[in-house]
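Written out below as structure tokens is the structure these notes cover.
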Amino acid sequence: MGDKIVLIGLPGSGKSTLGKQLSLNLHYPFYDLDELIVDHIGCSIAQFFNEKDELQFRILESTMLNKTLLLDGPLVLSTGGGAPCFYDNIELINTYSTSIYIDVPDKVLVKRLMNNAGGERPMFYKLPESAVKNKILTLKQAREEFYNQAKIKLSGADISTELIVSALGKFKS
Ligand SMILES: Nc1ncnc2c1ncn2[C@@H]1O[C@H](COP(=O)(O)OP(=O)(O)OP(=O)(O)O)[C@@H](O)[C@H]1O
Ligand SMILES: O=C(O)C1=C[C@@H](O)[C@@H](O)[C@H](O)C1
Ligand SMILES: [Mg+2]
């Protein structure tokens, strides 16, 4: 089965950025669930949300998550913000991997998501700061029960790859 590490957390928490760095550090292959979905559908997630609906996205997301977790060998997988919160996805993640909740303060998330000028995050596109803040708080309230099921939780504004590597070492010892 191999050593699998899955990063979960709210949009903007740094799952993709940290996941890439972690995979280089550990010499594990890297997968980003959002990128796998984009490759599969052949358009952006924003377009898919517009043309289909969220339900179709969540079904596809769960299918791609399953497939990736069943790959042979070690890997680092960065998920989309909603991935652990639908169907039995969090149970699946915890069955096949060491899950890590990247828990970043709301204020920092809002600041990062305000730089969403390219519209790569459809949920936050063109929203004023107050609406981004409300959205983050609403998502956090609804999703924390899933994120908190992660095997490791790291909280703070400056979560680094080194911190993740150290937490993994402690968890496994
Ligand atoms: N440790 C960090 N310090 C400062 N900025 C960061 C850090 N990690 C990520 N960022 C910045 O925050 C933004 C969001 O990062 P990233 O895309 O990795 O988040 P994500 O959790 O994958 O989001 P999503 O759920 O939308 O895929 C990016 O602009 C990235 O450059
Ligand atoms: O938090 C979410 O629900 C999402 C986050 C993104 O990573 C994408 O997976 C998609 O835009 C949905
Ligand atoms: Mg990401």
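Even glycines carry a Cβ here, placed using N, Cα and C.
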For the ATP site that TrEMBL assigns to Gly12, Ser13, Gly14, Lys15, Ser16, Thr17, which of Arg58, Arg121 is also named? Arg121
Looking at the binding-site residues Asp34, Arg58, Gly81, which have a C-beta within less than 6 Å of some atom in ligand 2? Asp34, Gly81
Binding-site residues whose CB lies under 6 angstroms from ligand 3, from Gly12, Ser13, Thr17, Gly81, Arg143: none
To the nearest whole angstrom, what is the C-alpha distance linking Ser16 (ATP binding site) and Asp34 (substrate binding site)? 9
